[in-house]
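According to TrEMBL, the features are:
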{"type": "ACT_SITE", "residues": "Ser197", "note": "active site"}
{"type": "ACT_SITE", "residues": "Asp357", "note": "active site"}
{"type": "ACT_SITE", "residues": "His387", "note": "active site"}
{"type": "DOMAIN", "residues": "115-276", "note": "domain 'Alpha/beta hydrolase fold-3'"}
{"type": "DOMAIN", "residues": "330-389", "note": "domain 'Alpha/beta hydrolase fold-3'"}
Amino acid sequence: RMKLSSIVVTLILTVGVPYYIYTPLPAAIEDHLKLMLLDALFRAMLQGDLCQCLGLSHHITVIRGSTLGLGSPGEMAGGQGGGMRVSDVDFDRVPVRVYEPPAAGGGDGGLRRAVMFYHGGGWALGTTKMGSYDVLCRQMSDELNAVVVSVEYRLAPEVHFPVQYEDCLAAAKHFLEPGILGKLSVDPQRVAVSGDSAGGNLAAAVAQQISVDDSVRVKFSVQALIYPVLQGLDLNTPSYQQNHNMPMLHRSMMARFWLLYLGVDTSLHPLLLSPSFLHHPSIPPSVRSHLNWTTLLPAKHIKHYKPVGMEMGSQEVTGQEGDLLPGLLDVRAAPLLAEQGVLSRTPRAYILTCEYDVLRDDGLMYTRRLQDAGVAVSSHHYDDGFHGALSFAHWPFFFDVGERMIRGYMDWLQENL
């Protein structure tokens, strides 16, 4: 009986593991096996039920511990390797990590550029100390001779929207105070706000608020958004349809991050994915126009995809739906929904998108809306890119597309900041 059980287990593992790992990938994406393994590992960690069966804490907490060293090992603050000073401090009670290049070699009068950076991770994962983000910020500080401030905003499920946004906004306002910029020898005319994925969402939302807040004297001069998530009302855009099972961010996974961020019941997962959700009678037509990908997207990205869903008739918002819609309609959570008058006041932008990313169309639609509002936008699209690729540019992953993304991002900041 024991021998038979061992044979059965071996057979299950032999057949089941490859089946779980295998994901059909487009030919344009490099190193299929490496990406499939990474994706399978991440999907396995996201299985909350498995964590609970094993007696572990909330599965997000488990993932945080597993991904802290993602990419090149992060370094401790307090050092001055190569003359760079790295320190962990608080900006208006929000923890931040500050990277300061050597004082020599600054711009006019010794003033330097600056970048405020918000990490990604679905508003629930990531940290300034994660290897890939620490390496990126050190590289920015070194190559751009810039002061880089990486914000350690609080995460779900411990907190929910709008806390993450409020942390980022508070840190930004503190950093932009003339006295703080002066202390760090930062040129107030050369300060950027940037972020990737959920961090790109926060960067876009903070850039909008700072641009219209007359009490903030110093404004961001540029915004650099790396495959940002910008709306959660329509998870059936062409990029969501095309890339619904694409590493490293599946459509279903993105919906779960939205529910976690907004602090609503996970039972609303099917509703958020429903093609009819965008047509809920409580969603104003003006909001739908800001999400109308049939007019906002270039034809080459619409491809053969068609709008899906049907009118929900006279159905009213009741119960938990009422908890979900206010957050998704809030421009602080969904910067793509901002009115043109707000967009027109935001700084010139760099927006990076990837062909094989559910969030591709969020970035492309925001590019179009900013341009229609008169904002200069540099749109950098990677035909062989996938979500999260920039974080896999270094050891032990070495994805070439990630290296090219970092190079393009750095070059743009070098020329425009």
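Cβ coordinates are placed from backbone N, Cα and C, and glycine is handled just like the others.
Here the features listed in TrEMBL are placed on the structure.
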residue : record      : Cβ neighbours (10 Å)
Ser197  : active site : 30
Asp357  : active site : 28
His387  : active site : 26
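Put simply, Ser197 (active site) is 11 Å from Asp357 (active site) when counted between their Cα atoms. Put simply, His387 (active site) is 8 Å from Ser197 (active site) when counted between their Cα atoms. Confidence across the domain 'Alpha/beta hydrolase fold-3' (115-276), taken as the mean pLDDT and rounded to a whole number, stands at 96. Within the domain 'Alpha/beta hydrolase fold-3' (330-389), the DSSP-based counts of helix, strand and coil residues read 21 helix, 19 strand, 20 coil.
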